[in-house]
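Notes follow the structure.
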Amino acid sequence: MKRLLSYPRRIAAKLVGLAIALFARFITAVRADWQGIEPVNIQRVYYANHVSNADMPMIWSCLPPNIRRDVRPVAAADYWLKTRLRAFVGPEVFNCVLVDRRPEARAADHDPMQNILDALDEGSSLIIFPEGNRNMTDDPLLPFKAGLYNIGKARPDVDLVPTWIANVTEIMPKGEVIPLPLICTVTFGAPVKVEAGEDKDAFLARAAQALVALAPTDARL
Amino acid sequence: MTDTDTDILWLFIGVCGLLIVLSLFGEFLRAKGGEDNPVVETFNTRVSSWWAIVVLFTLALIAGKIGLLVLFAFASFAALREFLTMTNKRRADHLSLALGFFVVLPLQYVFIGFDWQALFTVFIPVYAFLMLPIVSALRGNAEKFLIRVAETQWGLMIAVFCMSHVPALMMIDFPGYPEERGVLLIAFLIMVVQFGDLLDFFFGRRIGRTRILPALSAKTWEGMICGVVSAAVIGGLLAWLTPFSVVEAMVMAALASVVGMFGNLVFAAIKNDRGVKDWSHLIPGQGGFVDHLDSVIFSAPVFYHLCVLYWT
């Protein structure tokens, strides 16, 4: 019975997902620029800069449908479980891997990294934001958290793909409600891997460098 | 079937015939060993894009007034989006930019739809010009303020005001020219300007020697002169679409073509300043909407006002 009831919900999730992708395309004409990799469905961890809540839906929308089906964004449980609508959109439409950023809210034996590794072991690709928070500064990136290094070390076969998302701050600055229809480009770079013997800080610096290098040059004042 | 519909049909058949020839030519080039030749591939993508544009435009022509208004409102939207992606803005401009997209743009096309000429000719140059900077200023960020508001206004003038003068052509009352034929005047303007551009490009490649602006654009004086003359000839051949005599049609076509070509240079200067080659990647093989429509955008208001001045 429960299985039967879940069908309308799954169809609703599909439709909402389609509507979000269409809306993103209509408003921002979001475009994927595959610079370092081909748009083929192999297991990858897309790690991206994070400036706005619209980042994840943008990356998700510009992926080809076959890749999108197998990709799971890693997202904050405290955000996506706050209301019933978010609890539907996050886990069911985007199929998010939820992790709790607040150590005090976690069960004592729960390791958020385990959820991520489980998703990888099931064969999913991931979208993660290694800065951990939205970047509100003028610097291109906040210092990366250790998560990306830990993933790369624990599952060394998976490509870590730098993914630069441009323009979203202007499309939807924090605190505004109407999105501006400006063109958004998502650039995918060449994958990086944790080298043998490379320590955490060196790897994170290299990964951040690979990501910033994808940012388009801006000739404006 | 009215006369206008018959003429649309003839026009469509003629343009399709031309595109079929171009498509076959593309396939011939490909078969002749150009399988991976980038020039041949670009040519073929461009011809496919042209097919899509022609079909879309013909459908809008058949739908008549509303169809063309909607088509050009969307073209304005796409062009404004490309333009404002490249301009300077701060968070303080968010509301005024949103008003530009979601209020000013639709209102301009509504005013044209109701043929309120006294309003649509001043709405953006006067009211939007004064009101949007007020909205930006009220947010209190003065950093690069003049540059921000000037670039936003320029975008609205180009992408909305100028573009909207294309559908405004069907609202002009020419003596002895039935109102429903106005849609054909639009087809006339777009065809003479676009064919002029195409032939300018073609002759420029063949016989072009003297570049007009060597640092900015591959346009040459020879190509431009040939392009304008071709536009005039095509204008004369298409005079049956318009309220003009053959000579008048040739003059109007040449004028529209010249203005459009210089408009093209203006956009080349802007792209050069912003360090981009194309405005966006929305039309396969041809860059963005602005790349495609820059000459039509520049010529439309001039063409419109000449029509109003001399024929009404």
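If you go along the chain as it appears here, the first residue is 1 and each next one adds 1.
Keep in mind that glycine also has a Cβ here, set from the backbone N, Cα and C atoms.
Residues or ranges marked as transmembrane segment in TrEMBL: B:7-29, B:49-80, B:92-112, B:118-142, B:154-172, B:184-203, B:224-243, B:249-270.
Non-local neighbours of the transmembrane segment (B:249-270) in the same chain are 86, 188-189, 192-193, 196-197, 200, 212-213, 216-217, 219, 224, 227-229, 231-236, 238-239, 242, 290-291, 294-299, 302-303, 306-307; each lies 6+ residues outside the stretch with a CB under 8 Å from one of its CB atoms. The recorded stretches the transmembrane segment (B:184-203) and the transmembrane segment (B:92-112) do not share 3+ CB pairs below 8 A when only pairs 6 or more apart in sequence are counted, and are therefore not in contact. Panel annotation: around the transmembrane segment (B:49-80), residues 5, 8, 12, 15-16, 19, 22-23, 100-101, 105-106, 108-109, 112-113, 155-156, 158-160, 163-164, 166-167, 170, 180, 182-183, 186-187, 190, 282-286, 288-290, 292-293, 297 of the same chain, lying at least six beyond its termini, place a Cβ under 8 Å from a Cβ of the stretch. Where the transmembrane segment (B:7-29) meets the stretches B:92-112, B:154-172, B:224-243, the count of C-beta pairs under 8 angstroms peaks at B:224-243.
Sequence-distant contacts of the transmembrane segment (B:92-112), counting only residues of its own chain at least 6 positions beyond either end whose CB sits under 8 Å from a CB of the stretch, comprise 69, 72-73, 76-77, 80-81, 84, 119-120, 123-124, 128, 131-133, 135-136, 139-141, 148-149, 152, 155-156, 160-161, 164, 167-168, 171.
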